[in-house]
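Participant: Per TrEMBL, the feature active site, proton acceptor maps to E184. Look at TrEMBL and you will find H183, H187, E219 tagged as Zn(2+) binding site. The domain 'Aminopeptidase N-like N-terminal' annotation in TrEMBL covers 2-75. Residues or ranges marked as domain 'Peptidase M1 membrane alanine aminopeptidase' in TrEMBL: 111-352. Per TrEMBL, domain 'ERAP1-like C-terminal' is recorded for 428-595. The site 'Transition state stabilizer' annotation in TrEMBL covers Y285.
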Amino acid sequence: MLIASQLEPTYARTVYPCFDEPAMKATFNIRIVHDPSYVALSNMPAIDVSEMKDENGSLWTVTTFNTSLKMSTYLTAFVICDFDYVTRTERGNEIRIWARKEAVKNGYVDYALNITGPIFSFLEDLLNVSYPLPKTDLVALPDFGAGAMENWGLMTFQESSLMYLPSDKFTSRKAMIAIILSHELGHQACEMLRHFFFLFKWFGNLVTMNWWNDLWLNEGLASYFEYLGATFVEPKLSLDKIFYDHVVQPVLMEDNEIGVRSLSESEDKIKGSFSLMSLFDSITYNKGASITWMLSGFLTEKLFIRALTSYLKEFSFSNANQDDLWTHIQMVVDAQDEVQLPASVKQIMDSWTCQKGFPVLTLNLTTGTISQEQFLNKKNENNTDSYNNTWIIPISWMRNGSSQPLMWLDKRSKVFPEMQVSESEYDWILLNVNLSGYYRVNYDQLNLKRLARLLENDPKAIPAVSRFQLIDDVFALTQFGYIQIETALELTKYLSREDELFIWNVVLLNLVPENLESTLKNYEVYPLLKKYLLKRMLPIYHYYAGFIRQNVHALEDDYFAQVYLEKLFATACWLGLQDCLNLSSELYAKWMDNPEYK
C-alpha cells in the first residue's frame, strides 16, 4: 500500500477545507494518523510520533509535523509508505531520498542523492537566496501521473525520473534525472524561485504567481534554470545543444497552429479547473524557457541573475505577476549603462508573452532590409487574415564568422545599412546566432547560396546550434509555403561533412518519413532519396559503426548517440546500406548466442 498526494493546481480543497488559491498563503500544522508499520512524511520534519487506540482497540501511530512556512495550499503534501531512504546533509539541509526497499538496497537512488545537494547549493549561490527549510525529502513513486512535483520540502517523482540503475550504462537517463531534479529544486527557492530544475523547483515555492494565468513564471523560469543546473552537475553534457533540440525547436513547431494560446493569458480567459490543467503544456514550459533564455541573452546573464535576486528578495513568501518581474529587471537595467534597450523591459517582453505565436524575419541583404511578420502556414486558407502582431526583436548576428553588436527590430520593417552584403560570394551574414531569439529567419536567395557554399567548404565556420537552426528553419519555411523545397535541399548538400548527430536527426525528421512503408510505395522518391542521402551518411555512419563493433562503452557519455543513433542506423539500413545490414545481423547473432549480451 502507498498513499501520496498531488494537489496542484486545485486539489487541496479535496483534502481539507481551504481557500485553494495560490495567492492565499498560510502556515500549516499537519498531523497524520496511520498504520504503525508505515512511515508518514509531509512538508516539514516530524516533531512527535505517538500511539493511540481506536474504539476497536487497534493501535495507530500519530505523526505530528512542525508548523510549515507561509506557503500556497497546492504545495502542501503527504506520503504514507513503507519505503527506505538514503540521506546526506548539505549546508544544514537534511536531504533524504525515499524509494522501495530493494531499490534503495541496490543503490538505484545514489546518483540522485549525489547531485541533489550540489544543485541546491548551486542555486543558492547563483541567486544569493538561502533555502529556508531544515529538510528535503524526495520520494520515488512507482506510479505517478505528474512526472514530478515540487511540494515544498517533500518532492515527489516518478521512479524513472529519480532512479539510475548502475547498469544503465548510458547517460540519457542520467541527463533526464539531472534535468528533472534541477527543475523541481528550482521551485523551492521561488517557494524558493519554484521550478528551478525539478530540483530547481523551490523557487516557485518562495515567490508564487498571483494566479495560474502566470504559471509560466514558475515553470518557464524553472525550465531555464534546470538547464543551467544540469550543466553544473554534468558538465560533459552539451546542454545548450540539448536545450535547443528538446525545448526550443519542438515548441517552434507547435506555436504556430490555429488556436494556440499566448504565454500569459488574462485571468478572465481562464475559467474553471478544466482549462487550468491545460495550462501545464509545452507553451508554459518550453516557450516560457525559450523566452527566458532570450531575455537572459540580451540582458546578459549577470544582469538577469541580479534582477532575479532582487525580485526573489522582495516577493519571498508572497506572490508576484509578470509585471513585477519586468519592474525588477527594469531597475537593474536603469542602474547601469552597458546594456541599452530600445524600449522598456515591459514593452519588449509583453510583445513575446501576451501575443500568440512568433515572428519570421525576412531579409533582403542587397538593401539591408529586415521585415517581420507572424509565422503562419501560408498554405492554409484560414490564415489569410494576417495578424498585425509585431514584436520587439533582439537580433544577434555574425558576418563572415565574426560576431557583431546586437541589433533590434522594433517595427514591421527596417533598413540596417551594416547588413548590406558586397558582391563577394565570401561575404555572408548569419542571424539569430545559436538560436538566441525565439523566431525563424527567411534569408534571401543570395545569402542562402553563400551559406550553402560556406557549409560545403567549411561547415565549422557556422556554430553547431546555428547549423541545426538553419536546417530546421528552411524545412519549416518550405512546409509553410514561404520557400521551395529545392532551396531547403541546397543547405543539405554539405552533409557528408556534418558530424553532429542532433543535426542529422533534424535532417532525417524532415527527409525520411515517420511511416517508411508509405515511401516505399512511392517508387519515384525512394531511389532518389537513397542516392542522395546514403553517400552523405557514410562518414557519420562509419564513425559510429566503428564504436559499436569495437568499443561501445566509449559512447556512454555521448548523450545524442544514445538518443539518435537508432534513427540514423535504421535509416541507413532502410536505404539498403550493406554494411548496416551486416552489422545488424552480427549484433543479432551475438545476442542469440548470449542473451546477456547488451
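Every residue, even glycine, has its Cβ placed from backbone N, Cα and C.
What you see is a predicted model, and the numbers here were worked out from it, not measured in a lab.
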Participant: List nothing but the one residue from E219, Y285 whose Cβ has the fewest other Cβ atoms within 10 Å; the candidates are the recorded positions.
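Facilitator: Counting other Cβ atoms within 10 Å of each of the recorded positions E219, Y285, the minimum falls on Y285.
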Participant: Return the average pLDDT for the domain 'Aminopeptidase N-like N-terminal' (2-75) as a whole number.
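Facilitator: Over the domain 'Aminopeptidase N-like N-terminal' (2-75), the predicted model scores a mean pLDDT of 96.
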Participant: Within the domain 'Aminopeptidase N-like N-terminal' (2-75), how many residues are helix, strand or coil going by DSSP?
Facilitator: 6 helix, 27 strand, 41 coil
Participant: Expressed to the nearest Å, what is the distance separating E219 (Zn(2+) binding site) and Y285 (site 'Transition state stabilizer') at their Cα atoms?
Facilitator: 5
